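A short worksheet on the structure shown next.
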C-alpha cells in the first residue's frame, strides 16, 4: 500500500468514533495510572458494560504493544454485544470495528484495517454518512467509556447521555448513564441535584442495584432509614457485584457503621483479591476505629485497640505491597506504627512516603506527621523543626501548613524566652515573618486579578443562578 493510500487510510481512521479518537487519557497520565484507575480504583463495573470494558482493555493492551491480546479482547466485545444487544448488533459494533481498524493499522496490516473501515462504512452509509453517524447507541457507548476512563469530563459524559435521551427518552440504559453522570457532577465540578435523576433511573429500570446505592448515598444525610432500605435491597439483588459492595460499604461508613462497611469490603475482596484499593479502604476503616478509641480515651478498649491496630496495619501493608501507586498509604502506615510504638517501622514508611510523587497537600501532611514523630516520639527538636520548615515552604494553604506554622512559632517563642539570642529561634521567626509578607502580597495580587476579571451578570442570570 502506497504512502498516499496509507495517509488516506489514517484520515478515515481519524473520523471514527472509538477509543482511539476519544482522548480518554489525561495529558500527564501514565498508562499504568490509566489502567489502575479504570480497572482497580473506579468501583463502577456495570454488568451491561462488558463490551465497553473489553474495548477499553483492548486499547490498553495495544498501548502496551500486546496487539494479539488486544484483538482477543475485541472478539470478546463482539460476543458480548451479540448477547446483550441482539437487535442493535451493527450499530453497537461500530465502536469495536473502529478499534479493530486502528489496531490493525498500527500492526501494519493495512488491508485488514481497511476491511474493518469498510464494515463501519457499510453501516454508516445507511444513514448517509461514510464513517461517522449520530446515533444514540454510539452516544451511549462514548458516555460509558468516558464515565469509566475520565475524572474531569463529567459534563461531557452527561452531554453524551443527554444526546442519546433526546432520540430515545425512555431508554433505561441511557437514563442510568445520565443519572450516574449527574451523581458525579454533584461532587465535581459543580453542584447538581442528582436525587431526581437517580430516582427516575430506578423507576425506568427497577433492577438497578448500583444506582440504588448511589441514591442511598445522596439520601444518607437526611433520610438515613430510606437510604439503608435501598442499600439492603441492592445487596439482595446483586450480592456478588463488586461495585454494589464497594459503594454500599461507603454508605455504611458514612452512617457510622464501620463494622458493616468492613464486612462488605471483605466480601468484595474475595472477588477482587488483587485490588489494592479494597485493601486500602479496609485498612482505613480499621484505622478510623483506632482513632475513635483514642479520641474517647477508652482505656477499657485497650485490648480491642491493639487488635484493630494490627488489622489496620495488615490491610494497609497489603495495599502498599499490591500497588505502590496509592499516594497516602505510607503516611497512614507510618502514623499507625507510631501509635503501635514501633518507631523503626514508622521511620521506614515515612521515608518511603517522601519518595512518592505526592500532591502539595499530601506532602505537607507527611512533613507534619514526620515532624510530630521527631518531636514527640524521638525527642529530636531540630529534626522536627526541619520537617515543619520544609512543609510550610510548600506554597499551598492547608490545615497542615497552618498547624506547622503554629508549631514553629511556639517552638521559636519558647526557645527565645530561654535565650533571647537563640539563632535558630530568630531564624524561624524571621522566616515566618517573610512567609507572612509573601502570603499577604500574593493575596493582594489575586484580589486585584479577581476585581479586573469579575464578570457582570445579567439580572436574570443572577436571580436564577444557584446560590452556594
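Every residue gets a Cβ built from N, Cα and C, even glycine.
If you look up Swiss-Prot, you'll see 2 marked as N-acetylserine, on the strength of similarity to another entry.
For the repeat 'TPR 1' (51-89), residue counts in helix, strand and coil come to 35 helix, 0 strand, 4 coil, using DSSP. Per Swiss-Prot, the feature repeat 'TPR 1' maps to 51-89.
Residues or ranges marked as repeat 'TPR 2' by Swiss-Prot: 90-135.
Look at Swiss-Prot and you will find 136-171 tagged as repeat 'TPR 3'. Remark: secondary structure over the repeat 'TPR 3' (136-171) totals 28 helix, 0 strand, 8 coil, with classes taken from DSSP.
Nonlocal intrachain contacts for the repeat 'TPR 4' (172-208), taken as residues 6+ away from its ends with a CB within less than 8 angstroms of a stretch CB, comprise 44, 46, 48, 136, 140, 143-144, 147, 151-152, 154-155, 157-158, 160-162, 164-165, 214-215, 218-219, 237, 466, 468. For 172-208, the entry in Swiss-Prot reads repeat 'TPR 4'.
Per Swiss-Prot, the feature repeat 'TPR 5' maps to 242-275. A Cβ distance under 8 Å defines the sequence-distant neighbours of the repeat 'TPR 5' (242-275), meaning residues of its chain 6+ beyond its ends; these are 40, 43-46, 209-210, 213-214, 216-217, 220, 224, 227-228, 231, 234-235, 281-282, 285-286, 288-289, 322.
Summarising the annotation, Swiss-Prot assigns repeat 'TPR 6' to 276-328.
Here Swiss-Prot flags 329-359 as repeat 'TPR 7'. Cβ atoms under 8 Å from those of the repeat 'TPR 7' (329-359) belong to residues 280, 283-284, 287, 290, 294, 309, 312-313, 316-317, 319-320, 365-366, 369-370, 373, 377-378 of the same chain, restricted to positions at least 6 beyond its ends.
Taken through DSSP, the repeat 'TPR 8' (360-398) splits into 31 helix, 0 strand, 8 coil. Residues or ranges marked as repeat 'TPR 8' in Swiss-Prot: 360-398.
Residues or ranges marked as repeat 'TPR 9' in Swiss-Prot: 399-441. On the 0 to 100 pLDDT scale, the repeat 'TPR 9' (399-441) averages 95 in the predicted structure.
Sequence annotations record features per position, and here Swiss-Prot assigns region 'Disordered' to 441-468.
What Swiss-Prot lists as compositional bias 'Basic and acidic residues' is 445-454.
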Give the one range among 51-89, 136-171, 360-398, 399-441 whose Cβ atoms make the most pairs under 8 Å with those of the repeat 'TPR 6' (276-328).
360-398
Is the repeat 'TPR 9' (399-441) packed against any residues at least 6 beyond its ends, judged by a Cβ distance under 8 Å, and which are they?
361, 364-365, 367-368, 371, 375, 381-382, 384-385, 388-389, 391-392
Report, as numbers and ranges, every residue of the chain located at least six residues beyond the repeat 'TPR 3' (136-171) whose Cβ falls under 8 Å of a Cβ in that stretch; write 'none' if there are none.
17, 19, 22, 24-26, 34, 37-38, 42, 44, 46, 49, 52-53, 55-56, 85, 88, 91-92, 94-95, 177-178, 180-182, 184-185, 188-189, 204
Chain residues outside the repeat 'TPR 1' (51-89) and at least six past its termini with a C-beta under 8 angstroms from it:
18-20, 24, 31, 34-35, 38-39, 45, 95-96, 99-100, 102-103, 106-107, 137, 141, 144-145, 148-149
Count up the helix, strand and coil residues in the repeat 'TPR 6' (276-328) according to DSSP, in that order.
45 helix, 0 strand, 8 coil
